[in-house]
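The domain 'ABC transmembrane type-1' annotation in TrEMBL covers A:55-262, A:330-529. What TrEMBL records for A:12-34, A:54-78, A:90-114, A:134-157, A:199-221, A:241-262, A:292-314, A:334-358, A:378-398, A:404-425, A:466-488, A:508-529 is transmembrane segment.
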Amino acid sequence: MNTRTDRQIRIGAGIAAALLALGFLLGGILVLLVVSDQAPDVVAPLADPYVRSILGFTLMQAGLSTLLSVVLAIPLALALHRARFAGKRAILRLFLLPQALPVLAGALAVITIWGRNGVVSDGLAAVGLPQLDVYGLTGILVAHVFFNMPLAARLFVAALDRVPAEGWKLAGQLALPPFTVFRTIEWPALRSALPGASALIFMLCVTSFTIVLVLGGGPAATTLEVAVYQALRYDFDPGRAIGLSIIQIVLTALVLVATLILGRDPAGGFGTGGRARRFDARSRVRDVGDGLVVVLGTLFVVSPFAAILVSGLAADLTRLVREATVQEAAITSLLVAAAAASLSLLVSMLVLMAIEALRFGKRPGAARRGTRIGLETATSLVLVVSPVIVGAGWFLALRQVTDVLAAAPYVVVATNAVMAMPFIVRIIGPALSQANAETGKLAEGLGLTGAARFALVDWPAMRRPLALAFAFSLALSFGDLGAIALFGSSDFVTLPYLLLQRMGSYRTADAAGLALILGLVTVALMGLVERGFAGREETGR
Amino acid sequence: MTRDGSERHPHDSGNIPSDAPAALRLQDVRFAHGGAAFRFDLAVGPGEWLALIGPSGAGKSTLLDLSAGFLAPSAGRILMAGADVTRIAPAERPLSMLFQENNLFPQLDAFRNVALGIAPRLRVSRDERRQIEAALSAVGLEGYARRRPAEMSGGERQRVALARAFLRRRPLILLDEPFAALGPALRRDMLALLAELRKRDDAPAAAIVMVTHHPEDAAPHADRVAYLEAGEIAAIGPASEMLSGEGDHRVSHYLGLRRREA
C-alpha cells in the first residue's frame, strides 16, 4: 500500500461515515415525506396564531437568554483573565461542568434555588419581598444563563488568551491604565469572539428542549421543540409535528448560516484557558472588584450543584438505589451512553482523518475542498436538526413499518451519537490537524501508511483529546432527555426519563435523589474516563 | 566594591566604564523552567552595546525577560542604574523592550502606537503630538501616522516600534531579535538606524542589550559580545575578540570558526 492508496482509503471511509450520520439525521423526515401521503405543510401552521406565538416565544427567550449570558459573561471573563490567584484554572474547569451536567438535573436545581419554595424566595420572604415564580420565562432565562454564561465566559477567556504574549508585555511595560488596556487589547479580543459566542448560545437556546419542557409554563411559554414533542406525545397530531419540525429546521439553519457568515465556529471553546501571563499594574480597588465579580459568578455557577447535592442527600438514597426500576434505568443509561459514545467517536474519527487526508495534496482542487467542507458540515448538522426533531422524524417514519418501541433503543443510541459529534470533532480536530501539519509531510516522505501511520502520527495526537471527547460524549448521552423523551416507555427507561416521570408525579424527593445520582455518575464518568485515557502524560504539562 | 554596593564578578572584564553604576546588572540571578536551569551574572555599562549570542535554548530571551520583569527570578538581584528592581513591576523599570513580532497593537495606527509610549491614556497634548511626529520622521516614516500595522511591511512595523522606544527615552533598550525576520540588507539598515538614533539625543546614549542569531550583526555596533550556553554566560568579551575565533573555544565552535578538538 502506498501513501496515495492510504489517503484514498481514509477519504472513502470518512465519506461513508459522514453519509451514515447524515442519513440518520435526515432519514426519518425524508422517509416520512416519501412514505406518507401527508405533504409537509409549513404555511398552514405559520398562519395559526398558536404556532406564531410559539415561534415568537422561541425567538424571544433565545434572544434574551443570549443577551443575558453574553452581557454577564464579559465582566466575568475580564475579571477572571486579569485576576491572579491560585484557583483560576480550577474555576475555568468548573465552568465546563454546566455543559456536562444533565440538563434535567440543572433544571431541577434551578427550581430548588430560584423556585417558589427555593432558597432565594425564602430569603426574599424573610425580608418581606414577594417570592419568585420560576415557571415561565424567568425560569427559562435563569436556567439558560446558568448553562450558557459559563460557556460564553470560557469563549471570551479563550479569546483573551489568543492575544499574543507581547501584547500583555507591552501593556505592562508601557504602564497602560485599565481603560487603555480594555480599549486596545481586551475589547478587540472580546469583539472577535462576540458574534460566534452569541450565535452559538442563540442556537443552543432556540433548540433547548429539556429546560423549556420542565420550566415552561403551559402554552404561554412553549418553544417549537417542546411543541413538536407535545404534538406527538399528547395530541398525536403528526401533521402539526412535521410542520413545526420543518419550521424549526429552517429557523436553526438560518441561525447556523448566520453563524458561519459571522465566521466563527459554532461549537468551539474547549481549551483549558487562562494561560496568558499579564503584567498589569496592580491596583487594590480593581483587585477587590475582580475578586467580587469572580466570587459572584462562581457562586452562581456552583449554587445549582450545591442545591443538587443538598436536596439529593435529603432524599432516601438507600431506598432509591435498591429500587429495581432505578437500577434497571441506570444500567440502561450506561449501556446507551457507552454505545452512543463509542459509535460517535468511531464515526467522528473516520470523518476527521478523511478531512486531514483531503487537506493534504499537491493541488488542492475545488472538489477536494468542497468534499472537506461537506464533511465538516455533516458533523455539525445535528445543531440544525436537533435530537427531538430527529426523533420525531424516525418516530413517525418507523410507525409505518415496525413497532416503534422495539426500535427505540437503536434510535436513541444513534441520536445520542450524532448529538455528540460536533463536540468530538471540535475537541479532537485541532490536535489532529496540528499533528498532520507537523509530521504529515514527514510521514508522507517516509511512506508511512495504515497502522504505522495511525500509530505514529494520528494516535499520539488524538489520545489526550480523545479521552476528553469520549468522557464528554458519555456524559452527554447519559444525561440526555431529548432523544428518550419521545421513545421512552415502560420497557425502555433511562435515568433522565425516570427522573422526568417522578417529577411529573410530584415525587419531589425521589426526583432530587435521582438528580444527585445522575449528576454524580456524569461527573464521575467524565473524571474517570478522562484520567484513564490521558494516563501518565497528564503530569507532563 | 563598586558604587552600586556590589562586588565585581570575574566575568565583568569588558571595557565598561567603572565609575558609573551599571545600566543593567544581574547578580547571581537564578531561574528554572521546565527542567532547564538558568544562572546569570552580568553587568552592562551605561551606554554600552552588548550582543547576546548562543544556541537556541541557551537562555538569551530568558535573560531579557528576567531583566524586563516578565519573569521573576527564584534567587538573585537585578539592578538598574544602581537601584534594585528585582521585585519591581515591568512598568517601573527604566527600559524599553522590542520583541521579534507583535510590537504594535493591530487596531491602533502608527501614530497612536507610538503615542502609547508617552501617553498611555492616548490623550496627546500639542507638544506630545510634535514629539511623536518627530519620532516617526526620525525612523523615516513621515506620512505613515494613519497607517495600521496590517498596512505596513515588517520592517516598517519595527521602525514604528523603534520610534516608540526612543520616544520613551529609557536608559536601557532590550532587543529580542526584532530584526530577525528581515533580510540581511534591511537588518543592517535597521541596526544602523538604531545606532544613529542612539546618538541623536543630547542625553547620554542608552545601553543596548541585543539578542541575535546573526553574529555578523553584532560586529559593527556591539562593544562586547556575551556567549550563552546551557543557561549561563559561558564567555564575554570585546566584540572583535569574541567574534574573531581567537577566544573561548566554545564560542569559536559555535561560530563555526574552529573544529572541535579531540
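Every residue, even glycine, has its Cβ placed from backbone N, Cα and C.
Note that the coordinates shown come from a computational prediction; the quantities given were computed from them, not determined experimentally.
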*For the transmembrane segment (A:90-114) and the transmembrane segment (A:466-488), decide whether they are in contact, meaning at least 3 CB pairs lie under 8 A, counting pairs 6 or more apart in sequence.*
yes
*For the transmembrane segment (A:292-314), could you work out the same-chain residues 6 or more beyond its ends whose Cβ comes under 8 Å from its Cβ atoms?*
72, 75-76, 79-80, 83, 91, 94-95, 97-98, 101, 105-106, 108-110, 112-113, 119, 146, 149-150, 153, 509, 512-513, 515-517, 519
*Stretch among A:12-34, A:54-78, A:134-157, A:241-262 sharing the most Cβ pairs under 8 Å with the transmembrane segment (A:199-221)*: A:134-157
*When counting Cβ pairs under 8 Å to the transmembrane segment (A:134-157), the leader among A:12-34, A:54-78, A:241-262*: A:54-78
_Distal contacts, the transmembrane segment (A:12-34) - CB-CB under 8 A, six or more residues away_ = 40, 242, 245-246, 249, 346-347, 350-355, 357, 371, 374-375, 378-379, 381-382, 385, 389-398, 400, 414-415, 418, 421
